[in-house]
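As written in TrEMBL, here are the features:
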DOMAIN    7-107  domain 'Ig-like'
DOMAIN    114-213  domain 'Ig-like'
DOMAIN    221-305  domain 'Ig-like'
DOMAIN    320-416  domain 'Ig-like'
DOMAIN    422-513  domain 'Ig-like'
DOMAIN    520-607  domain 'Ig-like'
TRANSMEM  723-746  transmembrane segment
DOMAIN    740-869  domain 'MAM'
Amino acid sequence: MSVFSPPTVRIVHSGHTCNVEEERYSERVYTIREGETLELTCLVTGHPRPQIRWTKTAGSVSDRFQDSSVFNETLHIAKIQRHQGGRYYCKAENGLGSPAIKSIRVDVYYLDEPVVTVHQSIGEAKEQFYYERTVFLRCIANSNPPIRYSWYRGRDVLSQGSDKGVEIYEPFFTQGETKILKLKNLRPKDYANYSCIASIRNVCGIADRRVVFRLTNKTAPASIKLLVEDPIVVNPGQTVSLVCITTGGEPTPSLNWTLSSGSLPEKSLMKDGTLTLPAIASEDAGVYSCIASNNVGNPAKKSTTIIVRALKKGRFWITPDPYHNDDNIQIGREVKISCQVEATPPEELQFSWLKNGRALRSSERMVITQTDPDISPGTTNLDIIDLKFTDFGTYTCVASLRGGGIPEISIDVNISSPTVPPNLTVPRGKSPMAVREGETVELECLVSGKPKPIILWSRADKEAPMPDGSMQMESYDGVLRIVNVSREMSGSYRCQTSQYNGFNVKPREAVIELIVHYPPAVEPVWQEVRQGLGRPVAMNCRVLRAHPSRVLRYEWRLGSRLLHAGTFDSRDDTDYTIRSLVREGYGEYTCDIINEVGPGRCTFLVTGKAYPPEFYYDTYNPLWQNRPRVYGYKLQWTQMNPNAVDRIMAYRLGIRQTGQQRWWEQDIPVEGNIQKGELITHNLTELIRPEAYVVRLTPITRFGEGDSSTRVVTYTKCMCYSSFYYCYSMCVMIVFVWLSGFYMYIETSRPRKEGDTARLLSPTFNVAPKNPHSITSPPAYCFSFYYHMYGKHIGKSSDSLQRCKGQSTSDAGPVWSLSGNQGDRWRQAKISIHPTASFQVMFEGIRGPGIEGDIAIDDVTLEEGECPDPPSNRMYQACISMLPFTTCIFLNFHKTFIVPSIFCCMRI
């Protein structure tokens, strides 16, 4: 019988929850306090073992769950923050059926410190506007859930209608985020201490927050003054101090400095309203603002601009006579030399011109002008009218800032008879350029002219970055050098002259074609083939792309031995087949498909290794032996693809205690053929309590050892009938045990003796009601179950309720107790309980003086509300037999906690 089954999934929680709402038809809501630890565990069943993936949605689009998914059973977030709230999904899939998905919404609760701001109605604003005027005190705080605000004047509670001079309201647009106290026409008694208390009603143990504001007849908004100029122009390296002082305000305002372009420089120092910027640099320039706030009125703000003087990026260009069609410089024609720099501040920029090192002044034939800054800022021009032979020479443009302190920028331009516009050509045989992938190539454009311009390289065939990642690369010698060429770099490249540091004429350009040759790309690059002896093996290698596309030949090899070779016709793939695999045929096969550049290789690993076993995690009652010092474990597994290779003859079992290095090994023989989905069982014995063990299982065939699987076996006192999934259910305490089939009972036969006690402990239940904001009294629950107590030696059965706090318990005590023979029938017990904190339910059965009489329980439920009707006396017929395995009661975490209907009654 196959044990393959699709996944099921359930989310359980631990960590620091304050409340979990179990909603039957919608979602589960997990409430946690900000800063606590969130821990959600995804419990799965299914075989093969499902893969688990956690994801998160909700929040902003950019608020991704750690920008990735978590592939783990347990999601752990330490010190959770408010932005980490949202809906978390656990997805489990094992390739069978549809993936199983469950979700839980995490609601992060928090309460920030409230802030009180004070304002006056705008129409009455004057200098002393808090004397006999209307004042608004606004209290605001960030929170989840919404805040309930309370106002106090001194010790007196202020409420709507309690004082004719006071109004309390919430602005509609704030949706409960603020609370405003309006004081109409201030009276002497209105000058007092006002307290705003923000409360979320102690949800998650978050205490109320209080802020106090003292209103007096001197209360006034902040006012400030800057003791600096605006703007402040400085040289790099200077120390700048910005002084801001308060000129008014009650309470005393706080001062802060900001920079419009972002955060303040790291080296800045601030003390008592003074901001100091040591060794200022160009990047520190910007608008600095002093802001004063005392929560009265609007903050006061004054700003100043710091300008750091600088000169940079000097360049030139030559413009030939625009009245002639050619771009040459000739005697008798006009020529213009332009010079440009970037200056800060631009109004301080000044230029001077030199010819052959001597100062040059503007004249009728040598006209020096400065371009309109709106058209071309920072530009000066030298127009030479009617060029003469004596005008040839070196012209120097000198840029400086008035006041000095900044190094000058000098730009030399040579005007002579060889001064000619640029020309651009591609050398013969340099286009197209063919190169092999991985080599280095140089694309070359020959540039002539004087002065020699800068060459700009870019892609001509598409909008794509250059090899360095930029859209354009500069070259001073006309050569573009590309290292480690890749096939993606094939295409057309454009070289063109730059406008600057040369002639101001139409750019010259040329195009070079680059062709990258590469060997064939093939598939599969690597493939494992598992096969048994005497069976056929077929391998196929296919060409995806190549350049040149013409493929020359192919070669099949086993190791270094040539098996088969040939050339391609119209096909783009080649096959190799082994009719009957022999032991010598195991190994690594390669197929090289070759063009003139080189080979592309397919690799096939032919092996007889068996696939790994797949451990079965849903074993009923895997803890089959439980003695005082040792325990046994029922290890179960199936074999992945058992018929893929030769018959599995045995399994090699390895086991070691966690934390140790030594392995103990033994072989488990296998008789006959293993079927797909067949469940194999082996009992591990004499495991030391409470140690955990690493188990390794390796299949063995004629080929040898196959792939191994490992898992961890952990001892738990919880003797459940299934895997970890059900160990979060109601489980067994130590002394002697409740046995179970489709109900729970205690066996009173030997070695049990009179007075022995068996206990059954439930999970922890939270007492918070569905609405956590309305706790006025402890909630009521109805706890009910059916019991069967029959026989003359019946002892005692009782239920206890214990309150939990951390790992300790308190206030444990019986809430129901019964002893003696109750007859051969099932009876129902109902008990109303009123816990004041999270609690657990414990069943306790005590053995009587003899073996004639067992105690059993069934159909345990826990419902919100008082128990309605008294138990009925209806009887249940007995079951025919007991099942041979053990189980435990499992409680569903919904509004009503109900034991699954798999339980039935018993016959005694």
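Heads up, the Cβ atoms here are built off N, Cα and C, so glycines get one too.
As the structure is a computational prediction, the values presented were derived from the model and not from experiment.
Listed stretches 7-107, 221-305, 320-416, 422-513, 520-607 were compared with the domain 'Ig-like' (114-213); the greatest number of C-beta pairs under 8 angstroms is found for 7-107.
Counting Cβ pairs closer than 8 Å to the domain 'Ig-like' (422-513), the top stretch among 7-107, 221-305, 320-416, 520-607 is 320-416. Break the domain 'Ig-like' (221-305) down by DSSP state and the numbers are 3 helix, 49 strand, 33 coil. Three or more CB pairs closer than 8 A are found between the domain 'Ig-like' (221-305) and the domain 'Ig-like' (320-416), so contact between the two stretches is assigned (pairs 6 or more residues apart). Across the domain 'Ig-like' (221-305), mean pLDDT in this model comes to 95.
Secondary structure of the domain 'Ig-like' (520-607) per DSSP (helix as H, G, I; strand as E, B; remaining residues coil): 3 helix, 55 strand, 30 coil.
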